[in-house]
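See below for the structure under consideration.
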Amino acid sequence: MGAQLLDGKLISAEIIAEVGAKVAARVAAGRRAPALAVVLVGDDPASAVYVRNKKLACEKAGFRSLSYELPASLTETELLDLVRKLNEDPEVDGILVQLPLPKHIDADRVIETINPLKDVDGFHPYNFGRLALKMPLLRPCTPHGVMVMLEKTGVDLVGKDAVVVGASNIVGRPAALELLLARATVTVCHSKTRDLADKVRAADVVVAGVGIPNFVKGDWIKPGAIVIDVGINRLDNGKLCGDVEFDVARERASWITPVPGGVGPMTIAMLMRNTLDACLNLNP
Ligand SMILES: Nc1nc2c(c(=O)[nH]1)N[C@@H](CN(C=O)c1ccc(C(=O)N[C@@H](CCC(=O)O)C(=O)O)cc1)CN2
C-alpha cells in the first residue's frame, strides 16, 4: 500500500503565506514589518544555501532581513560584539547565527549572548528551559516543524510510543521535549543505546536525526508507524538522502517525510513564525 507523504514544501509555503498575511495586516495598520538579522560566519556551502533560503522566506513573509556575511577569520569577540549590538537595536526582532560556526568560536557562548526574546532559533538555555518546563516561548524551529507535520497526520499522539533517534541540541533533545509536551511516551536513543532496532520496532512514531545516511533500516519500522526523517545527508553522487532507508520504510509506514522536501523546509517556516512572534512580543 505505502505511506502517505508529508509534503514539507507545501506545508511550509502555507505557513509562510499565513505569516505574510499577518505581517501585511500589521503594516497596513501603520506598524513596521518584523526584522530578522541573519549572521553567517565563514564559507560553508550548505550554510550559505540555508541562509539564502532564509532571506528568501523573509521576503515572502514581508519581513526586513539584515544580512551579516562575515569571514571565517572573525574572532569570537567580534561576533559577540555584533550580537550585543543587535540585542540593543530596537529595529531588530530576531537574531539568527547560522550553525555550525568555525571551530575557534564557542557556539554555546554566542547563543547564550543572544537576547532570549530575540532568539528566534529557540536555542538559548532560557527558551530551551521554558520548553522543558511546559511553558514554550520561542521553540526550536526543526522540532517545532516536526510537531506541525505530526499534527497534519491527524493522529492523536497522547500515549503513543515515540522513539527519537539522536540526542543533539538542535534536533533530538528538543524533539523529545516537544513529543513529551504532546503527551507521547518518549524514548531517546543515542550512540550508546543498546538494541536500537528493537526500540524502533516498538515505536508508533519515529523521529530520526543522527546525520548518517540510511541509518534507520526500513524493516525496523512498525507497520502503520509515522516516520519523520530529519536527516539531510549529501551523498558522493551529489544527491540528498535522509537518515531512514526511505523505500522500505515507505512500504511499512502510514505517514513518512521525504528528503529533500520534508522537515528541511519546515525549519525555515517555523523560523518565520518565531520571528513574527518575537516582533509581537517585543512590540505589542
Ligand atoms: N542557526 C541555525 N543553524 C542551523 C539550523 C538551525 O535551525 N538554525 N539547522 C540546520 C540547517 N538548516 C537551517 O539553518 C536547514 C537545513 C536544511 C533546510 C532545507 O530546507 N533543506 C532542503 C534541502 C536543501 C538543499 O538542497 O541542501 C530539504 O530538506 O528539502 C533548511 C534549513 C543546521 N544549522
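Every residue gets a Cβ built from N, Cα and C, even glycine.
For 6-121, the entry in TrEMBL reads domain 'Tetrahydrofolate dehydrogenase/cyclohydrolase catalytic'.
Annotated domain 'Tetrahydrofolate dehydrogenase/cyclohydrolase NAD(P)-binding' per TrEMBL: 140-279, in sequence order.
Residues annotated as NADP(+) binding site in TrEMBL: G166, A167, S168, I232. The secondary structure of S168 (NADP(+) binding site), as reduced to three states from DSSP, is coil rather than helix or strand.
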Point to revise | Most distant Cα pair in Å, residues G166, A167, S168, I232 binding NADP(+) | key: 16
Review point. Do any residues at least six apart in sequence from I232 (NADP(+) binding site), in the same chain, have a Cβ closer than 8 Å to its Cβ, and if so which, in order?
Key: L240, G242, V259, P260, G264
Point to revise | Candidates near ligand 1 among the binding-site residues G166, A167, S168, judged by a Cβ under 6 angstroms | key: none
Check your understanding: Name the residues of the same chain, 6+ apart in sequence, whose Cβ is under 8 Å from the Cβ of G166 (NADP(+) binding site)?
Key -> G172, C189, H190, A208, G209, V210, G211, V230, D243
Exercise for review: Show which residues of the chain containing A167 (NADP(+) binding site), separated from it by at least 6 in sequence, have their CB under 8 Å from its CB.
Suggested key: R173, A176, V188, C189, H190
